Amino acid sequence: MRNIFENISWLLADKVSKLFPGILVLALLARHLGPEQFGIWNYAIALTTIVGNLAVLGMDRMGVQELIHHEGQESTVVATIIFMRVVAALICMAACILLVFFSRPLQPVYGYCTVFSAFTIFFQSFDVMDYFYQVKSGLRNVIVPRVSVFVIFCFIKIVLVYLQASLYVFLWITLLELVTTYAVILIRYGRRYPAIQLQHIDMAMAGRLLHKSWPLIFSNLVVVLFVKLDLVLLDWWSNPDQLGNYVVAIRISELWYALPAVMGTAMLPGLIQQKKDDTAAYLLTLERWLRLSCWAGLCIAVVVSVATPAMIRILYGAAYEFAAVILMIHIWACIPVFLLSVITQYLFVAGKYNVYLYGNITGLLVNVAINGLLIPSMGGAGAAIATVVAYSSVFVAMVCMDKTGQAWILTQRMVYPLRVYADMKQVQGKLRRQLSVFNSNNPLPHE
């Protein structure tokens, strides 16, 4: 449990420290570039995210399990997964660039944005360091350099906005930020642990992992399709201006997704171990987590809906006025997203990868169908409606397809408001105890 709270502490520090600088830089870039250029850049980001998700190979969760189950073979696991992801990344990068080259040969700005965005796919191959430090409860080794580089480049981007830099300058700066971030992380790893070498690569392990992870590969692809496909469809069926308004709205909405993502990432190793040791305690943890997630998502949706008009006007200005309508709809996706963060971890720990896959296929089909009906007439608002309905359909599908019925039992108990207070008090008590332990183990230096 101590490891879980330590991981949560560092992951929350990562997200919170990036929150306000990220919002500020996003607003300045959106105002500076305008809805059209900002929309085209985000189209390229969405495209490379969709295709590049294949390069993850399901290792974002499988890697954690391998490191837990193969203690003492960390160098082999890390080297093998990096090798697998780098090969997949190079293939995905080429696919993205060729797709845009043939689909938009007369629009070079799309090509430039895609080439630079595609480098993200390659560098994210080294996110294996996150899995390693997550298991070792040493996430500070990736979060401290990542946040430091992020803040430095936020200042650089603000200066460039003041200097009226072009879109192409920001593309180069974003690439330099990627290179710097992963270089620092790898250097820090190399100082404490054996260097990653080719002889550590285990091809038999790679084959076994690839065979085992194919449901996760397709599941993750389906997830990212219905998360990012609306951006691509808006560009195809509407226009870059609508896409620009949609992007600034969903960026605010999706900021809140960091909370369940942090919880899920930090709790996965502990849940795997807890299920082995005490099934009853494991199920009680899931029940409390699901209930708190339900009510947290509801509160966030209500508050943001009320604050949206003023928020958009202050941050983005009159050019993005329609983004307020989009955000007031899209923010309600927080509720199913928060719930899914719990149900998906339950499915992963139980090894029910097929349920995860089929649930996300359901969401993708619903998303495409509603987008096709609503985007031509409603633009970004239609895409926002499709997102809320799609996430909700995924949650319902996963609960219904769990043959044990345990997901349905957990779902029934999540709506008990009287138990929320007790859950919060228990979590607060655990946080206080773990914070005191964390502070005693990480004292501030004396002046």
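Yeah, the Cβs are placed from backbone N, Cα and C, and that goes for glycine too.
Residues or ranges marked as transmembrane segment by TrEMBL: 16-34 (among others).
If one looks beyond the transmembrane segment (40-57) by at least 6 residues along the same chain, the residues whose Cβ comes under 8 Å of a Cβ in the stretch are 33, 81, 84-85, 88-89, 91-93, 95-96, 99-100, 109-110, 113-114, 116-118, 120-121, 124-125, 167, 170-171, 209-210, 213, 216-217, 220-221, 223-225, 228-229, 231-232, 235, 240, 243-244, 247. Feature annotation from TrEMBL assigns transmembrane segment to 40-57 (among others).
Nonlocal intrachain contacts for the transmembrane segment (77-103), taken as residues 6+ away from its ends with a CB within less than 8 angstroms of a stretch CB, comprise 44, 47-48, 51-52, 54-57, 59, 63, 66-67, 70, 110-111, 114-115, 117-119, 121-122, 124-129, 131-132, 196-198, 200-202, 205-206, 209-210. What TrEMBL lists as transmembrane segment is 77-103 (among others).
Taken from TrEMBL, the feature transmembrane segment applies to 109-131 (among others).
According to TrEMBL, the transmembrane segment annotation covers 143-163 (among others).
What TrEMBL records for 169-189 (among others) is transmembrane segment. Within the same chain, residues 29, 33, 41, 112-113, 116, 119-120, 123, 126, 129, 132, 141-142, 145-146, 148-150, 153, 156-157, 160, 196 sit at least 6 positions outside the transmembrane segment (169-189) and bring their C-beta atoms closer than 8 Å to a C-beta of that stretch.
According to TrEMBL, the transmembrane segment annotation covers 213-234 (among others). Cβ atoms under 8 Å from those of the transmembrane segment (213-234) belong to residues 42-43, 46-47, 49-50, 53-54, 56-62, 242-243, 246-247, 353-354, 356-357, 360-361, 363-364, 367-368, 371-372, 375, 379-380, 383, 386-387, 390, 394 of the same chain, restricted to positions at least 6 beyond its ends.
For 254-272 (among others), the entry in TrEMBL reads transmembrane segment.
Taken from TrEMBL, the feature transmembrane segment covers 292-316 (among others).
Annotation comment: TrEMBL describes 322-343 (among others) as transmembrane segment. Counting only same-chain residues 6+ beyond the ends of the transmembrane segment (322-343), those with a CB under 8 A from a CB of the stretch are 242, 245-246, 248-250, 252-253, 256-257, 259-261, 263-264, 286, 289-290, 293-294, 296-298, 300-301, 304-305, 308-309, 311-313, 316, 379-381, 383-385, 387-388, 391-392, 394-395, 398-399, 407, 410-411, 414.
Sequence-distant contacts of the transmembrane segment (355-375) (same chain, at least 6 residues past either end, Cβ-Cβ under 8 Å): 215-216, 218-219, 222-223, 225-226, 229-230, 233-234, 237-238, 344, 347-348, 381-383, 385-387, 389-391, 393-395, 397-398, 401-402. Positions annotated as transmembrane segment by TrEMBL: 355-375 (among others).
Tertiary neighbourhood of the transmembrane segment (381-401): same-chain residues 226, 230, 233-234, 246, 249-250, 322, 325-327, 329-330, 332-333, 335-337, 339-340, 343-344, 347, 355-356, 358-360, 362-364, 366-367, 370-371, 373-375, 407-408, 411, selected by CB-CB distance under 8 Å and a gap of 6+ residues from either end. Annotation source TrEMBL lists transmembrane segment at 381-401 (among others).
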